[in-house]
Structures are given as C-alpha cells and as structure tokens.
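Questions regarding the structure given below will be posed in turn.
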C-alpha cells in the first residue's frame, strides 16, 4: 500500500469513526469481536475504500437499538457530506434519523410511487405535499413525520377518503418536475462517451493474489486461539509419540520391532494429519463467508483467494512440520543422515499439506463445516483402512487393491518406511524362527521398495495439486450463500 492509499484509508476510518477500533478482530457475530453496530460501520468503510460515487444500503439500522442506529446513521450522513450519494431503505426511523435524509422515495403496498422528492427542513415539503390533499389530517406538533406519513397513506385511509395516492402523485407538479429532471439527466452531454472498463477487476491477477495473501496473513496471525491450539497439539502429540515409541528406529532385530516402527509411522501420520484437516475447516468456512461478500463487491476473483488461502496455510504447515519432525525424528531414533531426514520432512510436510487441502476442499464442496466434517470422516475411515498398516498391501484382496493406491495416507507411509529402512540389508528375525533381510521382508510382506521412492515423491505433489484445484474450482463454481 503506497502513501496515498494509506492516507485514503485513514480518511475513511476517520469518516466512519473506526479509529478507536484499529487492529481489533472482527470475530464471529454473537460470539466475539465487534458489536453489530461496529460491524455495520466496518461494512460501510469496506465499500468506501473503493471510492464509489453512489452507495446502496438495505436497512442499515435493522437489529440496532436507538443509540447504535444513531451512530450508524451519523456515519451515513458523514459519507453524504463528502459528496457521495447514498440510497438506503429505512425501517421505522426516529425523527432525528428521518430528518438526516435529503430526499424520500415513498411507495405504497404494490410498489406504486406516492411521493418522490425533497424532504426539506423538518420534513416541511413532505408534510405540505400530503396536507394539501383534501381530507388528510394535519400533523401534530412534535409528531414523527415518518410515522405520520405512513399513517395518512395507509390503505385504510385511502378507502376512507376514496382516493388513490399513486394517482394523485402521477397528476402532480412534483411528478412532472421529476420526469423533466430524469429526461435532462438521461441525455448525455455532447462529446461524452459510454463508460467502459477494459477488465472486470480494477487490478491484475498478481496484485489480487498479493492483496489476498496479506489479508489472509493478518487473518491467520491475529487468530491466536487457532495458532496456539495448533502448535500446542503438535508439540504434545510429537512428545507423546516420541515417548511411546522411544528409540524404536534403532531396534530392527526382529519382525516385532519392525512392525512396532510401522505402527509409530502410521500413528505419526494419521493422528496429526486428521487433526489438521478438521481444525482448518471452521477457519476456511468463516473466510469463505467473507469471500462471498467481497467477490460480490468485485474486489477480486476466485483463484487469487484460493491461492492466498492455500499459500498461508502451507506456510503454517511448513513451520508445524519442522517442529513435529524434529521431535519425532530425534526421539524415535531414525538414522541421522541428510537424505533420510529430508525424505522424512518432505513426506510429513506433504502429508500435512494434503490433509489441510483435503479439509479445505470438503468445505468448498459443502454448505457448512458441520456437513464437511461428516463427509471428511467418511473418507478418512477408508484412508485409514487402506493405509497399509491394518492390512498390508499384499494381503488386500486383488479387487480392492486399487483403493490402496487411491489412499494418500498409504503413499505417505510407503514413502516414510521405504526411505528410512528400505535400504537396510541387516538380518531380521521372523516370528517363525527364520531370518530374512530387512529390505526383502519389506518388499515381500509389506510391498515397500526403496527403488520406488521417486514415484512416491511425485505422487504426493499430485495429491496436493488435486485437492487444491478441486478446492479452487469448488469456491469458483459453488455458491452456498443463503441470500
């Protein structure tokens, strides 16, 4: 943001009286964060930063008490005083709020216009217009002109006076003046050109991505509860598994030792991975609600939002994975070589990334995170079953073996196990009393080959890209807004 943009944002914040709320979290309605009145002012400010010449508002005071409504309408009045036009519907306004308006467009039931023009000081023009109609009672001193206006133009009064206010307006001088003004304003000035915008959005794709990324960055950074729980659970689960499977990586003398290590790998992957997938869903669900409104306002397109959401989540997963890997790798006792540690870090990182992408994808394809949680758990059960731990791939029936390759968890366990012990040729004592080399046992009994690591590495990229693109196009083409 350059200095001019920063100054303009400061002016908008001053205009809508948001400076005392600087750096505050918006939060969830009815739960935490800003009050309803403060949210309405923030919504007005968000539209004002686009510097529009005209703003439409639908009942900006609905759901507010008298004090909050007065504050919001003061903000609206401040906006009008800057030279902008504000068109808004209003429900049962007080005298002060009603007289803050310059003009009124009044319709009776059925959508027919019965008044369109200036209100005047203390609504005297509106009052004079209706009092001039024969039979309409005069307004009492101190009476709310808005309430009086609705009372004297009701259907019951029309029947009582045997008049049609729409017809009276259509035959009035006020109507004729309005028609002349419309005709005058509808005629373009000589030499003027039609409005034309070369692109749908005011900024290019890269600028949209950059703006969305920083927006998501601050959204995640200020969500301290989510970050604290995420990293606390990472450390706790890492320490817990490290203690339970302490030094298992150095003990590969028997079949039991190897299967214990397989269990450690399986638990390390699935527990925190599934936790990531479920934890990210409420966050993405809330962000999607904001996205719907901002997309409708033409701020940015779908793909920059999707890129930003994925990018910021990936950065947090990158840090989370490093903490987790350092705990597990050192406590379980895997061999400390650069190649093996990098393989371990890569597979854990890509695993947590595709789990997060999977959680985001399911949110994009469902109306809310509650339904998303149900759908997610259904497929996680199959991933768990076909991960290669409960039933090794060679023992899975041939007609179900295809789903082993359709389970991303199976690829991760394959990559972790093959990279860490797939090249070990030391003898392994089997349960029947025989011995076999470790790498041969992995290939024969579990189906893991060290030579197959490169395709496993590529497959992880494929899973991440698959879930990302489904998430992005789900956001683009599916709209679950209720209004």
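Numbers here mean position along the shown chain, with the first residue as 1.
From the backbone N, Cα and C atoms, a Cβ is placed for every residue, glycine too.
Whatever TrEMBL says is automated annotation, not expert-curated.
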Quick one: sort out which of 191-210, 371-390 is the transmembrane segment according to TrEMBL.
371-390
Under TrEMBL, the annotation transmembrane segment belongs to which of these stretches: 166-190, 341-365?
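When 166-190, 341-365 are checked in TrEMBL, transmembrane segment belongs to 341-365.
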With TrEMBL as the source, which of 133-151, 228-246 is set down as transmembrane segment?
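Based on what TrEMBL states, transmembrane segment spans 228-246.
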Please identify the range among 102-121, 402-421 that TrEMBL labels transmembrane segment.
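That would be 402-421, the stretch labelled transmembrane segment in TrEMBL.
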Looking at 70-95, 304-329, which one is transmembrane segment according to TrEMBL?
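Comparing 70-95, 304-329 with TrEMBL, transmembrane segment matches 304-329.
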Kindly state the mean pLDDT of the domain 'ABC transporter family G' (91-163) in the predicted structure.
89
Taking a Cβ cut-off under 8 Å, which residues six or more beyond the ends of the transmembrane segment (452-475) line up next to it in the same chain?
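Here the qualifying positions are 288, 291, 302-303, 305-307, 309-310, 343, 346-347, 350-351, 353-354, 357-358, 360-361, 364-365, 408, 411-412, 414-415, 418-419, 422.
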Quick one: find which recorded stretch in 258-284, 371-390, 402-421 has the most Cβ pairs under 8 Å with the transmembrane segment (341-365).
258-284
Six or more residues beyond either end and a Cβ under 8 Å away: which residues meet both conditions relative to the transmembrane segment (258-284)?
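Here the qualifying positions are 220, 223, 226, 229-230, 233-234, 237-238, 241, 244-245, 248-249, 252, 309, 313, 317, 320, 324, 328, 332, 348, 351-352, 355-356, 358-360, 362-364, 369, 372-373, 376, 380, 383-384, 387, 389, 409, 412-413, 416-417, 421, 428, 438, 441, 446.
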